[in-house]
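Database features, via Swiss-Prot:
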{"type": "MOD_RES", "residues": "S89", "note": "phosphoserine"}
{"type": "MOD_RES", "residues": "S93", "note": "phosphoserine"}
{"type": "MOTIF", "residues": "106-115", "note": "motif 'Nuclear export signal'"}
{"type": "MOD_RES", "residues": "S107", "note": "phosphoserine"}
{"type": "REGION", "residues": "179-345", "note": "region 'DNA-binding region'"}
{"type": "DOMAIN", "residues": "444-594", "note": "domain 'SF3 helicase'"}
{"type": "BINDING", "residues": "G470, P471, P472, N473, T474, G475, K476, S477", "note": "ATP binding site"}
{"type": "CROSSLNK", "residues": "K551", "note": "SUMO cross-link"}
Amino acid sequence: MADDTGTEEGLGCSGWFSVEAIVERTTENTISDDEDENVEDSGLDLVDFVDDSRIIPTNQLKAQALLNRQQAHADKEAVQALKRKLLGSPYESPASDLQESINKELSPRLGGLQLCRGSQGAKRRLFQSLENRDSGYGYSEVEIRQEQVENGHGAPDGSMGNGGGMGSVHGVQENQEIGTNTPTTRVVELLKCKNLQATLLGKFKELFGLSFGDLVRQFKSDKSSCTDWVVAAFGVHHSIAEGFNTLIKAEALYTHIQWLTCTWGMVLLMLIRFKCGKNRTTVSKGMCKLLNIPANQLLIEPPRLQSVAAAIYWFRAGISNASVVTGETPEWIQRQTIVEHCFADTQFNLTEMVQWAYDNDLTEDSDIAYEYAQRADTDSNAAAFLKSNCQAKYVKDCGIMCRHYKKAQMKRMSMPQWIKHRSERTGDNGDWRPIVKFIRYQGIDFLTFMSAFKKFLHNIPKKSCLVLIGPPNTGKSQFGMSLVKFLAGTVISFVNSHSHFWLQPLDSAKIAMLDDATPPCWTYLDTYLRNLLDGNPCSIDRKHKALTVVKCPPLIITSNTDIRTEDRWKYLYSRISLFEFPNPFPLDKNGNPVYVLNDENWKSFFQRLWSSLEFQESEDEEENGDTGQTFRCVPGTVVRTV
């Protein structure tokens, strides 16, 4: 073997290079404490002294990280914008009408131009694809994650791929269970129900613990109008529920709103009183627009107004923190939740009804029934009247008793007292001058008229009949009717003269009037009623009653026939006080009377000319006014001392 190549030791100058100086310590130089002076230098500290890796500038790393963050932020905003767009869309939201979503899935724009419905087969085929479509909210993220796990780790049948294990298979199974119960799937199942109404009613009872029929009464027609409505809505999105309370305030006077959550989404129960009456169709359209749900997901009926249980439910729910209540509580809730109405069932008292009718001057049966029924909200006796099965009998009895009391009161009063009694029920803004001017306008001496009018009111025999004659449209009937109305008199008509009872109203009046007497009427008066015109007592036949003897009240007769020109009625001349109205009744350019003849002016007329009519008052009335006690038919309560 040849010798190793290289320089020979000891030849030339190579021997000088092998000399190595060993320095023990140099003066004035401090050795670092980190260095061990006794350790041999083996060269291990020079390992990886040179870095052969790729050098990347620091600025480039920061720029790359910033770019990644910007791209992630942009992607997040794009996804959020897409979700916002699809959230309110009636074609994508599972809380909306999914039938329209099926029609528009292939091409929304083309579907919007269709003039008729598509084939039912295509709709059924699209149900499966609709269930797996991302709706933009809910469990869509879980569904996407499930697909990623299946693609990366194995097949849907549970076989594992590379790096897979039992934990991943378990996660896939859980995601599959969640994915089959998404909000979209649940609403589709709701639409597939054969009896949707029964399903909604069952879900309502499951959530609220009572039947929907316990709170409402049914309207057969969708066009029946009502101000109070109970609305139950299913499948409402939570974002709509947050702002619904504010949106509905503008349309309602009172709202009672409850929100619950279930597998279908948010469920609304609302009692609402609108500002005006609405029917079910109008309410349904408004709720569909505000809640973004179809009409078949709504239950709309009016509330039970006479149910104590329903009223207590709304009252108890309104004071809890589960409800949002705005506005004034309806009166039907207040009426049935007050303690005295809940624990004390008031019995009907006829005397209270009669006293009310007497105080309000109601004598007709129809007026009594209508007005008293309207008091049921504030009067417990009226409420008991409505609950009774004998309302017609009570109304008839009340009217009879009220007329008896009024008739007895009138007969006990003299003419001056009656005029004062009627004046108390009339306003004080009248003027007596139009009546005086109208009398003078007809060419009648006012003093002569007042002399005859005084005897007429005092019912002096042979002076108690006032006859007004003249051409048509001269104001005769207007003048007489206005006076009869003020004094609450009665009117008789000659058309009923063939009846035996046509004079019966004269038995219950302080003044009477026979309007437009024709020649046959004058002949009848001359033949049968001379003593009636005299003001003497006469016999009058009454229906279902025995004959009665009455004194005819002051009687006003208007006629276009002047009996002074006919000699056949000469026996009536001394029994009447006749005045002629020759001039037409004056009207202004607007068709209103120039001389107003109303109750206020007649009151002022009597007050002005009271002394001229020679009405005498008793000393007690002059000093103390009216001393008569107010009529009272309701029995009082006796206060017993202890």
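Here the Cβ of each residue, glycine as well, is placed from N, Cα and C on the backbone.
Sequence features, as recorded in Swiss-Prot, placed on the structure.
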| residue | record | DSSP class |
| --- | --- | --- |
| G470 | ATP binding site | coil |
| G475 | ATP binding site | coil |
| K551 | SUMO cross-link | strand |
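For the binding-site residues given as G470, P472, G475, the lowest number of other CB atoms within 10 Å of the residue's CB is seen at P472. Summary of the ATP site environment: with the site residues G470, P471, P472, N473, T474, G475, K476, S477 set aside, the chain residues having Cβ atoms within 8 Å of the Cβ mean position are T558, N560, F581, P584, F585.
Minimal Cβ crowding within 10 Å, among the binding-site residues N473, T474, S477, is found at N473. Long-range C-beta contacts of K551 (SUMO cross-link), restricted to its own chain and to partners at least six residues apart, with a cutoff below 8 Å, comprise N459, G535, N536, P537, C538. When the binding-site residues P471, K476 are compared by the number of other C-beta atoms lying within 10 angstroms of their own C-beta, P471 comes out lowest.
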